[in-house]
Structures are given as structure tokens and as C-alpha cells.
Protein chains: 2
Amino acid sequence: MTVDIDLKKTVDTSYKIYIDALPALTFDKKVAVVTNPTVSGLHLDYLLERLEAPAVEVITLPDGEQYKNWESIETVLGALFEARFNRSSLLIAFGGGVIGDMTGFAASIFQRGIDFIQIPTTLLSQVDASVGGKTGINNRYGKNLVGAFHQPIAVYADPHFLATLPPREFAAGVAEIVKMAVTFDADFFAWLETADLSKPEQLAEAVARSVKTKAAVVAQDEKERGLRAALNYGHTFGHVIENETNYTTYLHGETVAIGMVMANRLAVALGLMEATEAERVEQLLQRYGLPVRYAIADVDAFYEAFFLDKKSGDNSITFILPQHLGGVEMRSDIPREAVMDILRTFTEAAQ
Amino acid sequence: MTVDIDLKKTVDTSYKIYIDALPALTFDKKVAVVTNPTVSGLHLDYLLERLEAPAVEVITLPDGEQYKNWESIETVLGALFEARFNRSSLLIAFGGGVIGDMTGFAASIFQRGIDFIQIPTTLLSQVDASVGGKTGINNRYGKNLVGAFHQPIAVYADPHFLATLPPREFAAGVAEIVKMAVTFDADFFAWLETADLSKPEQLAEAVARSVKTKAAVVAQDEKERGLRAALNYGHTFGHVIENETNYTTYLHGETVAIGMVMANRLAVALGLMEATEAERVEQLLQRYGLPVRYAIADVDAFYEAFFLDKKSGDNSITFILPQHLGGVEMRSDIPREAVMDILRTFTEAAQ
């Protein structure tokens, strides 16, 4: 006997990203703002002045990628249960990508899923983490290995918050903007080479173009079965660097910058990209003070670490490589030796 | 500046429930069977004889609702990472509702979601837990408070497993079948009053009818915004009993049986149900040896505990009450005193 369960249906997870000064936000439900001490110290008053709800809880998590773990999720969930939040309550992620990932994950599993809003306060999270619905935490096996796809109901990217960003954090955001341009939009890349992102209008323009590009990719492939993987350009190498340095030496965007330089060198070796194009990317990254070198201590260990990364299949690694500027290729057929040759150019001795 | 993120799309989460002898299952991917020592001891060989895959991991969790917690989820996730499972790997839930809930939840968050199959081995999980995609764990605030909606790709309900069920577990499954009949199908209820579920064909018929009824409800309301809440008939009271008795005294289905009797008494008091109808439900439950009495030690504490249950809104409790036989009403407007009057009839002194 067979019973058919038919749950085919149309799901509307559309939402808007507002690149503008934060408007007044009024809700008729309990709201919890999840943030960290740094963002809270600088900007919590600014947010609370604009936020109205029957109850507002502020949940403060320790600052840093090393706290992006299950303990922090339990802190959030515990606070919600203590304050008797329910299925119609709302979370607001108020911080950078780490806060966004954890708040989104907590929202996705609290009572099997509640709504959340993102108010990203870093350039990186405004251009990258706020689009796509990826949420999650790290564990001892690697980065973002546990999580969910859970879309926010709205994103407010207010330029106000970027004024207080330390230069390194600003640059880390630029790395993701460059990533988007290199892989999907040659015109945008050329525009970036002459733009001045310290000017508010040009910065807003860059944020909007990045977000639109990413949104178009995610809309085609929400669950990352194909095209969306292209957004991991620079990340395959970058994740290994983050793991090796325990998430403490570099900001995420900085490892992406180094990772892009590594991927480009592999692309040049495979004839996908001109050496001059790779050079232009490196110069743009350096203009914003981003790191483009990393001394690999043990190339074999570095290579092995790819296989623990979740983007890997059983016996192959997919490399995301630029195809000149504005194009991208995903390759799972690259021989170990070809990759090792590139890794060896990043050892202390070679540089 | 506003950017629209448009992820409106059709999601196909349809699947089949096979009520039949387990067929040969062949996969071209890594498979992990999540089970417990009891089921494994009785039936693992039976499953493994029918299962073919490049790699089969068996993950054994301790048996019992008290282990339906985050530690068990970490055990599953850790085993998957150690065995280098990836996004295309598959989990099989092999056991009762607890194993199904935990395996489904682990599948939903491992690398942001992988496929899973259910092979329910108890009557309760065949008729109830295997339909609807609810997954989750308990925590110190209550039952199923953390989890996700994650549909299996297929369910195999093999009557073979029911032959070894202890009578109490069999009866606990009957409680959920009765629940489905009382709330949605008067004919089915009348059929159950004369049926003999110890006969395999009649049992298969009862499983199929329950599953079809639940499937129809879930298809209309996957995320439990409305109608699906009706499936919680007996559960609002039952969850409090489970909490008070630490999940150790009663099986889940047994607390549902008591919970239905409590809900019926409230329904009779409110004029929604005849006393004779409530009596027929009680007799059917007793025929299968199900408990229909519970001595509430502290009626105020019992009432307060409703508010920690996740089905509760901020200031009201929704009671699921039968409307005669075959109908159901959800009521959030019942005065505290009306409920307390019913609870008082369940104290030791009153019974």
C-alpha cells in the first residue's frame, strides 16, 4: 500500500534590502536584538531610538568568530525561552556576519523557525552575509558545517554604521565586493579600479551593485547546487587559512583576499586568466590594504584540509576559478600536482 | 536605494509512504543508519540485508525520550564528520519517533541540510511521526522546543517491525490512530470500535487511513499556522504530564490518551461533545489498555505549565477540542476557571 504525501507548493521568501538610513521600525510582537559588545557600545542607542515593540530583549554575545558555536546559540535560545518568546516573535541580527549567521540559525531552529531581520553593521555583512539566507555555526571539523538556509524577512543596510568601522574591517568588505566583480561583472570591476569608496555615494553604489549581483545568483540557485558555489571564489583557499590560523589572525574578508590571489594563480597556470588580469586584481586588493600573501607551513597538510571543507565531494575538490575578469568556472578535475605547484609558490621559501 | 530579493519559487517536497515489506534499497552515496540498541538488536540485520551503498555507517544513540537532546545530535553530527559525509550523503532514521525526530533534525542542519529516509519501527511512528516533517529535540524548557521542518524523501512502514513491539508500545500507537479518527473522521472512529488491530490487514488499513488523514492536514498547513494544530488534540494536556513525570513514567502515546480524556471532559463541559461520545472514546482507549486517569498533584502548577508549551501564545492557551466525533475546534478563549474546574476532577481526591 502506498500513500502519496504531496507538499508541492509555492514558497514566497522574497524580501527587500534597504540601502539607506534606518527608518522607524514598529512591531506588534516581542523582539530580541542579538548583538555583541562592540556594536552595542557604538550603536545600540541608535537602533533602540528607532525600534518600537511590546517587549525588546537585548541578547549580547561575545565578539568574534571563535564564539560562532553551539554555546552561543544556546545562549540565544535560553534567553528567548526565559523571556517566553513564541512562534510569532521576531529576532533582529544587529552586527556583522558572525552575528547574522548565528541569529539566523537560532531563528531557524527556535520552535522550528521564526522570522528574523538583518541590520548588518559591517561592510562585509552588508554586501555579502545579508543576501542568501545561509546561516550557521563552526565546529571542530570546520567552518559553517552546521546550519540552515533561512531567509530574513528584510535587511536594512544603513551607511551610518560604516563610519565607525576600523580600516581593516572596511577593507575586508571591499574584498567581497571585488570577489563579486571579478566573477560576474567586468564593467563593475573596471568601475572599482577608478572608484573612491571613501565617498558615501560611491560606496552605496558599490554595495547596491554587489547585492544585486549576489541576489541574481542566489535567486537562480538558493540551495547551492550549482551556480551559487561560484560565490565561494577565494573561499576554498581562504577557509583553510582561517582554520590554520584559528580564526584569530585574519578577518574573513582578508582570507578571501589571499584566497582569490591563490585561485587566480591557479587560473593563470591553467590558462583561464591572463597574468595581467591577476595582477590587476592583486593591485586593487592592495590599494585597500588587503593581504595578498600567506606563508604555508606544510603544503601537504594545506591540501588535505580541502577535503574537510564542506564544499568538497568525496574524492574531489571543486575549485572556483575566474575566467578572465567577469567570468567564472567551477573545476573538479584539477590534478593534485597542479594545485600543489601553486601552493608551493606560497611557502615562506618561495616568497 | 532598495534591492528586491525575489526567491518566490515552487518547492517539491512530495514523497511516498510505503506500507509494505521493506524492499531492497540501493544508493550510490554514503548512508548512515541512525538507530538505538533495542531496534538494532532486533532488526539491524533485517535492514542491512536489504541495504546497499558504497559506505554504510551505523550510529547508535541511547534509547529513550530523555536522550532526545543536543548531545545526541552532536553524536550524530560528529560521526558524520569523522566519516567524511558530505552534502549528497543520506541519513536513515531507523527506530521510533525519538530516532525519527533526532535523525531528521540532524539531517536538516548537517551542512545546512541533507536528505533523509524514515524507516519507522513502532506503530506510533508509522502512523504519526513519519508524516509531516516535524523534527527536533527537547531541552530544559520543554518538549520539541528546538528543531526544524524537514521532510523525508521517503518513508517505509514495514509491518514486520510491529510484531516485536511490546504491548504498551503498540497501544501507544493506537492512541494516535484514535486521535486522528476522533478529530477528523467519524466513520473511521466507528470502524475502529469494531476492528481487530491484531489482524495484520486491519492494522495496515488503520495505518493507511491515519497516514492519509494526517497527510491531508499537513498538505494544507505544513508549518502549523492553522489546521495542523488540530493534530495536537490530547497533546496540550499530554505534554504537561510528560514534563511532570520527566518523560519516564509514560510513553508519549499514553500521555496523549490521558490528554484526550482531559480535553474531552473540557469539550463536554463546553457543550461541544456529548458525554456519551466522550465515553465511547474512553472505552476504545481502555480496550487497548491505555491509561485514562492521571492524579494531578498541583492544579495551579499544571495550569501554569501550559504557558511554557510552545503551542501557547503570549497570554492565551489554545485548546484543541473535539466537536462531537469526527470534528475539531481550536479555542483560545476558555477562561482559566473553566479549565481549572476540569483539572480539579483529575486530582487524587476527585478520582
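Every residue gets a Cβ built from N, Cα and C, even glycine.
Between the candidates A:His150, A:His252, TrEMBL assigns the Zn(2+) site shared with A:Glu176, A:His235 to A:His252. Across the domain '3-dehydroquinate synthase C-terminal' (A:173-312), DSSP assigns 99 helix, 1 strand, 40 coil. Note: the domain '3-dehydroquinate synthase N-terminal' (A:59-171) comprises 47 helix, 33 strand, 33 coil (DSSP; helix = H, G, I, strand = E, B).
Nearest to A:Gly100 (NAD(+) binding site) in space, judged by Cα atoms and limited to the binding-site residues A:Glu176, A:His235, A:His252, is A:His252. Distance from the CA of A:His252 (Zn(2+) binding site) to the CA of A:Asp63 (NAD(+) binding site) is 14 Å. Of all the binding-site residues in the record (A:Thr122, A:Phe161, A:Thr164), the one with the smallest CA separation from A:His235 (Zn(2+) binding site) is A:Thr122.
Summary for the binding-site residues A:Asp63, A:Glu176: the Cβ-based neighbour count within 10 Å is maximal at A:Glu176. There are 28 other Cβ atoms within 10 Å of the Cβ belonging to A:Gly100 (NAD(+) binding site).
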